[in-house]
Amino acid sequence: MQSENYCGLLALRLLVSYHLKIHSQLDGINGNAFSIKIIVTHLFKRITRCISFVMCAIYYLQLYIKAWSSMKRYRKSLPALGVLILLGTTWTPVHTYAQIGFPDDKPAGGGGGDLTRQLATNVSTGIITGILNGTVPLQTALPILGFTNSTNQTCVCVPSGRCATTTVPTDGSGMIDVRIVTSQTSSPISPTPNIVTPPTCAAGLDRCCYPGPFQCGLQYPAVAAAKAPAAGQAYYGEYPWQAVLLGPGDIYVGSGALIDPLNVITAAHRISEYVSGARALRVRLGEWDASAASEPIPALEYTVSKFFVHPSYNAANLQNDIAMLRLSSAVPLGATPTITTACLPATSFVGTTCWVSGWGKNDFVSGSYQAIQKKVDVAVRSPADCQTALRTTRLGSTFVLDATSFVCAGGEAGKDACTGDGGSPLVCSLGGRYFVVGLVAWGIGCGTSNIPGVYVNVASYVPWITSTVSLA
């Protein structure tokens, strides 16, 4: 502030005498004297600002020269510091996109069907520069945009002051995370590892490093700047793998789960009308409050370049109700704690309490879509138990549950996914990491006692997912 006052005084001393002289001359002019006086006054204000800018530049240049001469041992760092200051004052990475609407009705608490959202339109190369090319069981890993360095560490950006509370499993669990690149597949990311020193994270985030390759299914602490969630709501960034699917006009279509930098899995029945390509579909990551104009960390949005629907998908009974969406460009994993991947399951989670999240309706009959991401805990049930429960509904006593296609969870009154949640991930925790065990598929009503919800059994489709991600 003192330097700004100094610059202003310098400019003022240069102009005040000329300014007063011209004003005294204008006072003697008849007719349009007042208009001319306003114009000249406005002109002098602009000239004053320009001179102030020049004087400030000279002032800071003098400081820089003094620092250069007095800080000999730090001279190598000063040019870089100047570049960082310049970038810090000019880079504007976000843009506001309008019109995110929910179909049929208005979101609860959203204030209307058309919502606004702040998105990151680009990712600074100063934030994401490293490429990690590791391996996981079952296949070769797709290079991950993230931070890595010469000590074979992975560094991610977490909320400031929370690195110590970010626990990373060391037992190797969850290494089934799908990341593929083969000699037959051209990847949009160079397959050659580029080992660099991790740069700094964006404002409000700290760089947190752990040994080894990038790991899926990690849940990071809440961002301090985010507002506290209400009962039944997820905290901001709690489910960083969840994707929002948007149709033309930013209409909410459904949800999905990010499983690697280029692929999102979802329920096939949610995107069947988009597969032909006649209607554009987009994927938004890092979403939480769809009614807010901005959030602490901007969301990222991608167009879907390719659709892969399971070849045995049956629209009548929703068997094999799974699809994969190929994104137009790779997601920069590690840049923020609000976007990461979920792990793919390799074991049964029957009897485990898991979580489903989304923006679907809060009631089957008269519910509204939710502006803020909701969550609910549901227990995974055995196929036999699920079939028995569903036979008590209108499905009848002859209903046979396809245990390959489906997994069931829930049955506690008032706890369930509902209309609009299609494709939302059901995730279970194992060893401190989250696995996408199911995708919301169908149900009989919502939240009825002893009637579980039915989800796509993701474990059955891991081989299909693994082979599909390798397709060009």
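Including glycine, each Cβ sits where the backbone N, Cα and C put it.
Swiss-Prot lists C354-C428 (among others) with the feature disulfide bond. In the three-state DSSP assignment, the secondary structure recorded for C428 (disulfide bond) is strand.
Residues or ranges marked as disulfide bond in Swiss-Prot (evidence: sequence analysis): C386-C408 (among others). Taking Cβ-Cβ distances under 8 Å and a sequence gap of 6 or more within the same chain, the neighbours of C408 (disulfide bond) are V380, R381, P383, D385, C386, A389, L390, L401, P452, G453, V454, Y455.
Residues or ranges marked as disulfide bond by Swiss-Prot: C418-C446 (among others). DSSP classifies C446 (disulfide bond) as coil under the three-state reduction.
As annotated by Swiss-Prot, domain 'Peptidase S1' applies to 223-470, with the evidence given as sequence analysis.
Positions annotated as N-linked glycosylation site by Swiss-Prot, on the basis of sequence analysis: N122 (among others).
Swiss-Prot lists N133 (among others) with the feature N-linked glycosylation site, giving sequence analysis as the kind of evidence.
Per Swiss-Prot, the feature N-linked glycosylation site maps to N149 (among others); the stated evidence is sequence analysis.
Here Swiss-Prot flags N152 (among others) as N-linked glycosylation site, drawing on sequence analysis.
The transmembrane segment annotation in Swiss-Prot covers 51-71 (among others) and rests on sequence analysis.
The annotation transmembrane segment is assigned in Swiss-Prot to 78-98 (among others) on the grounds of sequence analysis.
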What is the Cβ neighbour count of C418 (disulfide bond) at a 10 Å cut-off, with all protein chains included?
-> 24
Near the Cβ of C446 (disulfide bond), how many other Cβ atoms are there if near means within 10 Å?
-> 22
Does C428 (disulfide bond) have same-chain partners at least 6 apart in sequence with Cβ under 8 Å from its own Cβ, and which are they?
-> P345, F349, T352, C354, W355, V380, Y434, F435, V437
For C386 (disulfide bond), the number of other Cβ atoms found within 10 Å of its own Cβ | 24
So for C354 (disulfide bond), how many other CB atoms are inside 10 Å of its CB?
-> 24
Reduced DSSP assignment, C386 (disulfide bond) | helix
